[in-house]
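Below you'll find the structure, written out as structure tokens, and then a few comments.
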Amino acid sequence: MIAPPSGVAGVLVTLALLASGSMGERERSLRLPNATYPLFYQLHISSDIHKGQLLFSGNATIDVAIRQSTNEIVLHAKNLTDIQITVHRLAAEGSVIVDDLTHTLHPTAALLIIHPTVNYQAFEEGQQYRLEILYTAIMTSRPAGLYYMDYRDEENNHTVYVAATQCEPTYGRLIFPCYDEPGFKSNFSIKITHGSSHSAISNMPVKEVLAHGDLKTTSFHTTPPISTYLVAFVISDFGSISETYRGITQSIYTSPTSKEKGQVALKNAVRTVAALEDYFGVSYPLPKLDHVALKKNYGAAMENWGLITYKEVNLLKNISSDGYKRKLDMITQNHEIAHQWFGNLVSPEWWTYTWMNEGFATYFSYVITDLIYPNEKMMDMFMTHEADSAYSYNSFFDVHPMSHYVEGEKDIMGVFDIISYKRAACVIKMFHHAFRQKLFVRGISHFLEKYRYSVANELNLFDALQSELQDDEYFSQQPWASRIREIMLSWTHSEWLPILVVTRNYENNTITFSQRSVHMKDELWWIPINFATTQSHNFEDTQVDMFMPPEPQYTVSLEDLKIQVSGRDWIMVNKQHTGFYLVRYDTDNLMAIARQLQTNHSVIHPINRLGLFRDLGPLIEHNEIEQVEVVFELLKYLEFEEDVLTWNQLQDTIDCLTRNLHGTSSQSLFNEFVRRLVGPTFRRVYVEHGVNLAEDGMSHGILEIACSADLPECLEYTRRLAKEHIIDKIYFKDGSDYHAIIDSVLCMGVRYLSDQDFQRIIDMMQEIDRGSVYYDDIIYALRCTQSHRHLLYYLEGLMGENSTHMVLSEFEDLMYLLYIYKSNLASRPVIWQYIERNYKVLCRAPNFMEHFKQLAGFVPRHQRSHFERLRQTIASHMMQEGLNSNQTLIEANSPLVGKKMKITENFQDKFEQQIHKWLLNELPQASSRSDVLLSASLSAANGSSRPQGVLKEATRVLRSALRIVDMYR
């Protein structure tokens, strides 16, 4: 702790608040100057939140050191009022009165500037000052700064008010004047005055509680040096349960009636802190760690040092809570606990290095949880919840480097994104494996010890790893071992994701590696590579064998790599897909891998089997595959594949092939092929093991593949669940985590309805409450029917001029029509027929032009002449009626017409005959068989107890969903 000077007698000088002044008028940087530095904060907050009063008062006394002579002391303050400031200069022999100062507020930059009334260099290098700032402010309802919430105490029949803080990233300035940047760490002594019915907790343990009337003042022990974004306190009437282990007391704070729901979280917290201490060899430095369940919180949780706050749904649970959500909540809690080291003990120098907080906390929350609960397969969840998002984000969205400089509050908020969390976690995982896990952890441990209670940047981190590598007997001999900064910077300062092309020269036994960005940007990386081969396939050893330097192309001999392979042997790189890059192989090597999969697929690690299809996906999507037969040879082994994650990864590939083969002579053959592949796995997972969809959360990709290919067992399974939902009112689990599962089951369950059953549902819906969840669910599910006649009736009933089931607005109608067009291939000719019947109504919508243009992008070439006639009919009608005169209907000869179908049509031109021939050879009896389709036999009743419907949820995210679906096209 940096203690304040003692024995100082001060003369207080009250400063007047100026509305404006020269110091505030000039344009300023959004960053604080480095001329001054906070040594110590004494913060006293007084609140009557127990009475429901939102006004609070504060006294922030800050000891400040002058690093270089300056004419101002600059702090952050935002939405603070009634500010009064007293200043005195501190010296060993006493104090020197400062009586010619005033202050100015700079609202744009949220700055409080203390400066002389007449400009001169008032603050000399080496001096220290004490600022005492009195102020008032109002709590907010949203989780930013000091905010409030309430809950109903049913037992005593009254409303209880609670206050809590959220300071990250720039909300500390809403609670007290401060140096609100992560690089300014200081000790805090905190006091809270509050109602006697409530208690207060903060980062440190309680030092004393003094009662005065109906109020109490709770004082806390002084913190170690801490960034302002980690300062926290909660004022509540909560109760707690606690456990002490290794001298650390951990507590779960909840509303008084919910204490026992914290038992699971408490046990996990105790195990996780101990596991992190052991793993990194760095002790948790505080005497306590509280976990507080709040009705409102910013995000799922916030890692305040010693006082983690959570949304109560992410912390509290019954012992019987389902396994899938329990694992998600465990990861949430362990992410925040990991922050106690990554971000709290060592903080980022600036938000440029947010990834050093979030990436490490994300990755190691999975690593530690996997160590504690080895049977839970937490690293599988890392693949689905983190890695999948990181890979797809690099394919479709605007990106920035991991290390990315920002200044403004909005931009700072923007770096808390997929890149800082998920991409960074994948890059950290890559080097955790490449540099050998134990060595990497030693480097991180030394980094944490060296910079504890301080701040660091990425170079400090890289140098710690460099030191460990150069001390290692093996790595010190590698040619790249002295270039860790270069290696790491190539990843933290690049925007995109590399594609590594591995091309074998079978004549001279060399391998040529080529690299490029997924978006063709001029970026190059140091890529860690390791090898598995037919003769040496140790997939468990994931440390790096070589680095490809940042060059477009690099050739090396198999002899230099000490790899022995024959011409028909396979080579795979990136064992267990620990490297964060895509891999592409030459066709002969892919065929060798396919032979291995068909002979004994278990030789190749499950994650590498998954990785094969992740890497091939973009090639198939963009028609860049050299020989399509190799794709089908790789797929062929899948009837023996039992790994759920591999099937989930395959879903996009199979969807793409299904879409590209739709309407061709190969469509039914491909469906039969897919049924043959997925049937054994579906039966094992859903029939024999009876997986609970709502609790599993991992295997519904298998269900969608199976039902989309019309596997009878899958159609029967989803038909039964849909019947239970619609007729028997056995509802699916609540919550947004399950909307995708609910939609999948209901969608697949109503794919094939008889005319009688379809009409029965339509008739039944006349009697259902249109505001009910149940009504929404059925309306949304019926979009999946494969019957053209039913689809047309559905669209007329939902959106037509005489609609009897109007649940969408005029604006939403066309958006939903476009969504159905993209998501249900069977709907496409029906939708054109519907537009032809209803264009006089549709074209009155203000967004008709835009959505008609988007639909025109999907016109196949064989329907071009029909589209031109329809377009002319609509244009003539609009001109006659004077509709949308300020816009132009897309021209019939526009290059946008049919543009979205070009990839599919090119795929068919290039590959459909080859695929048809391959499928006929693989399924010799196929031509004499027909597809087996099941009809869903449903009768229906109304009512639902679920609070939120699928259609309402879908409408809420529709604009975003449409954009994403469009990108996939």
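Glycine is no exception: its Cβ is also placed from the backbone N, Cα and C atoms.
Now, the feature entries from TrEMBL:
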SIGNAL    1-24  signal peptide
DOMAIN    38-230  domain 'Aminopeptidase N-like N-terminal'
DOMAIN    265-491  domain 'Peptidase M1 membrane alanine aminopeptidase'
BINDING   His335, His339, Glu358  Zn(2+) binding site
ACT_SITE  Glu336  active site, proton acceptor
SITE      Tyr421  site 'Transition state stabilizer'
DOMAIN    570-844  domain 'ERAP1-like C-terminal'
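Here the features listed in TrEMBL are placed on the structure.
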residue : record                       : Cβ contacts under 8 Å, 6 or more apart
His335  : Zn(2+) binding site          : Ala301, Glu303, Ala361, Thr362, Ser365
Glu336  : active site, proton acceptor : Ala301, Met302, Glu303, Ile308, Tyr310, Ala361
His339  : Zn(2+) binding site          : Glu303, Asn357, Ala361
Glu358  : Zn(2+) binding site          : Gly343, Phe416, Ser420, Tyr421, Ala424, Ala425
* Structure fact -> Around the Cβ of Tyr421 (site 'Transition state stabilizer'), other Cβ atoms within 10 Å, all chains included, total 22
* Applying the rule Cβ within 8 Å of the centroid of the Cβ atoms of His335, His339, Glu358, what extra residues of the same chain belong around the Zn(2+) site? -> Glu303, Glu336, Ala338, Phe342, Gly343, Asn357, Phe360, Ala361, Thr362, Ser365, Tyr421
* Average the pLDDT scores across the domain 'Aminopeptidase N-like N-terminal' (38-230) and report the rounded value. => 96
